[in-house]
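These come from TrEMBL:
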type: ACT_SITE; residues: A:380; note: active site, proton acceptor
type: ACT_SITE; residues: A:468; note: active site, schiff-base intermediate with substrate
type: COMPBIAS; residues: A:64-79; note: compositional bias 'Basic and acidic residues'
type: DOMAIN; residues: A:84-165; note: domain 'Copper amine oxidase N2-terminal'
type: DOMAIN; residues: A:177-276; note: domain 'Copper amine oxidase N3-terminal'
type: DOMAIN; residues: A:301-722; note: domain 'Copper amine oxidase catalytic'
type: MOD_RES; residues: A:468; note: 2',4',5'-topaquinone
type: REGION; residues: A:60-85; note: region 'Disordered'
């Protein structure tokens, strides 16, 4: 090593050490202000304020002063009080929990500790269902998952009695709790503690001040991931671009101890692979210069000059058209819908549809078995937190102008609450679609043309789990249908390669091309093939909790000779599914079924059991070997549909402790117990999947791809519940003007 | 028979006879006005004006005076002249064709004749592709299908030379041309010519003045449908409701000669089945009384105060954002998109994507093999005309306020042109969706939040093929994606039953319930299970006509022992499909593929062939026996995807002469020739399917159910083509006010 390089390294190591010591005093136990709320007014104080990265302090916010500003909030959350049994913990409650925990023996010893999850311990379902507005709230409790040293503990804090109960301490299962935001952030700079890391980076021709490292959950494959919380870090060059994801230092993988943040191992399999260039990778509006004005679009907007038609009562209870439901942000699930009920226009009753629905887990395996890629098999909810990574929505762009926003209050690793502003938006949507229509045709010649426009209510969040952005929409239709939609955007996880053109790719001896595990997207960049699975927890309670799962199998029936000029027809064969294993459903185009959740105790006037059906739409199934370690952990994707009896402890499809888990506490394991599910309180699990073979259009940022599934009333109402909906009339619609061209 | 009943029948027969003679002079050869255009000012003159049914002359239009009125047209079509080789025939051209035909020997003899189709004979594809604005148009020709007596003839009329050429006369194939609107209309009253029909109706307790009969294409099952054009008619009671479809005179089937309109056979298998009541069947706004005001919705609208961003040049050329395409109504396909091209922001070229796309055929088999139902296996495009049955769209309800409308000019059975106003609408849509987004998360803490709203262009039509309404949307995205969407609404085809409640349904000896072939929707009404298949013709020309079909099969690849901690991954196996049979694709969730149309002669900068992929979404496959007569005729639904070499004569998946065809001229037959499709001008056929097990919510009119598929660029662009799109800014958006509450 030349003396110059050596001195440079020394300098960098010292610098990195300084940064670590600076940040370790600032990040993990962010000081709280006098309000008991994390102070984000100085945006440098914590990554939870999500505004700054120490390596990027040269960056300015990307929007100009012309940016839309979020509307002022009704309140600052400091004086929030819960009014519904399912309301999330408030700032005051979080502070009380923190105070109670601080005097508990586990945390008062001075041993390093962190709170990985503090959320409302939801009251028993029967208490919540029985509760009515005006009643006192069931006892408020917090459910706490903490790490002290190298042990995990579960506790419950009773907010009225002040009692702290240990639920499990230390926890003895294969997995660990989801990471704290502080940990994820620390891992972005922890690698620089290691002179070897720095030397390797420099040897790859990247300036240390340009490096950005990224925490990658390591999964579980055996020895390396046993009995120790570990994480992998991979690094990128941000030189010349904010889109550092497109400039991987390919092959460099750093294994760290997630408790101590010490580097355990450095592997560099890519010294000969160049860092892809920064050309064409920029995506920020202000840096792109003139927008493409080819046949530019005139302004267009969803307008409601009389305001939206929904109300949000007591911060969390959304009422719109015939729907009402409780809505809350959750650090792990993103958003949780509870007590979803719909008004029946015939009976004037408000009827139960779903007790709770949310994203339970995600599974995102990449399809490259090589050293720097095999472990990329993310479980974004249980490892990173789908709510923790849901960033403030951008008004006018993430949600239309008529949207309302809901903040989240989550906690830092030291238990201090912080506000994630505008985490959820709620808006009414008119997309020009048709609710129902009928014209009489020239055949009858009747003068009938009846059409009703379709207006819906959308609840939206967008999680940015590192490079990827997941947009989750729950859309409520007045005809009783609920659509759950997942949109994928953001930035690909790409692989560096020495190839600049497909014509350089090696031919194998058999004449086949070398396996690239993806698509050459640009010079030296391969978009690696991967899947996305989003598993939804759907505790449907159709007219009450006791429901059954009815499979309506459509099968070809041949006619008897002489019975008909037809030789075949489709017959619907209905069967109530008795036990869990028979409700492990793989969809098949040529063996189709409908999947109903019915209440056998309640029938319509003509005798059909009331029901809702799960309507799968476009999806993908995991093709991985069931014995492959990631598929064992992601075994909840082995079927598209599962049905389990309600069990308060079975919420997270990949297990409560997903991180590095061995797959011993998944939905697949629970379902294999084959419990009785007939006429029981049942939970349906649906997995929405995507195969993603990247294409050049995904570079440098992906146009949104989305898919969805529906929950649809099926003999729930006596008849079309929007029969009496009114059409649009010109005199009802707004009068709009363009704003002046200036500005 | 009692004397009273006998005299009543005599009266009815005389009345029916009178009606027939009245209408037969008025309908089939509607007199043309001095303009050469069918005169619809007196709405009683023709069913083509679609405003009146003689049995319903007591009906008033369903909308009040407050109704929105279509905007005034720019022109009355009388002086339209074609400006593009694919422009449909104009009023003047139709009149010239009619005049030329009238002096042709086939039609001047005085023998009864009817023109079943008069449309533009499109110029050869290479001529159209070579044509540029300013060039003279290729010779204008009309393609004519006529019936004279009991023979079908095909002719070509050259509009410049005035020459009429016989293409095939008489046509000797198994099928017949699509019905004329006049025929369909005549069949609604022709049954009353028969005293036996009238007697049977009266014996079922229905007053003849309340009866509405409906023409049902008879399919082909053998002897009864050989060598004679036949149709079946079934009747309903309209007493107390405009929704007569809900009041079937179950089991009564009348077979008619479609040429002579004579009754051939009457079968009544349902004398013991009551006519379902009219209660709850009404759906017209003005008849329903007070709308359901539960938490009524505030007005909501898509607003563009500066107007839409698209232009329609020369009546048919639509230009919007990065797209341009030719759009025309067609009596059989509904709408036809041609020469679809997209602007490439990198090269500034306008590049070819699709030469032509349209709905080629529909197949709608019902799943009841009994006498009154087995034959219901509609092919709506080839039997009824998907354009002929597309009714005027209702502004503000079928399409949002910012929509523009396009009229169709079709011809009556005597060749007279008529205008179908507002048959197509075109509008820009902003639905609150996200084009692309990325926020940096708390992990990196970078201050990046970039989001682009998604604005699209929709082309819409709605065909009312009797009871059902099909909404067809072609949606263009700025990212290069084209979405084809089919919405199903309208009214179910239901079956009368004596059951009023499910608990009355007979149990068979084996304990199973009697097969109802559907769902009891209301007292005495069964919604019969059926399928819908919509087959799209997609002549993709990616950067020119010579393309190949690339199948990218995703399959599990096991790793070698010791290769990786992973045991499996997904590998993309790419193969160019050589011949048609290998492109007969059945989709499978567990054997997934991507389906690309690529231009091997043109690659991106890094060497990927430019391409578009067909992205199937939710769909259904026909489960009928391949030897079942309807499935033989609908054999084009045996696969979801087919690829054929371009052949001008292969446009209609069920054959040019679909009506009563034997299935000997379908896409399945063409494809089985197994022609070469590599590096050829190829056509992709995609079938979108629905299984429909009705539920009570579909009564008395169905909330829209929809599904779609996408054509998506795949390495067509060098990178994300909307990278430089601008976000929404508050200062660009409109200022809107509510209109006064009065009106």
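Each position is counted from 1, following the chain as shown.
Glycine is treated like the rest: Cβ placed from N, Cα and C.
When pLDDT values are averaged over the domain 'Copper amine oxidase N3-terminal' (A:177-276), the model yields 95. Between the residue listed as 'active site, schiff-base intermediate with substrate' and the residue listed as 'active site, proton acceptor', the C-alpha separation comes to 10 Å. Cβ neighbours of residue A:380 (active site, proton acceptor) (same chain, under 8 Å, six or more residues apart in sequence): A:361, A:362, A:364, A:386, A:389, A:463, A:465, A:470.
With helix defined as DSSP H, G or I and strand as E or B, the domain 'Copper amine oxidase N3-terminal' (A:177-276) counts 29 helix, 28 strand, 43 coil. Secondary structure of the domain 'Copper amine oxidase N2-terminal' (A:84-165) per DSSP, as helix, strand and coil residue counts: 22 helix, 26 strand, 34 coil. Residue A:380 (active site, proton acceptor) falls within a helical segment according to DSSP.
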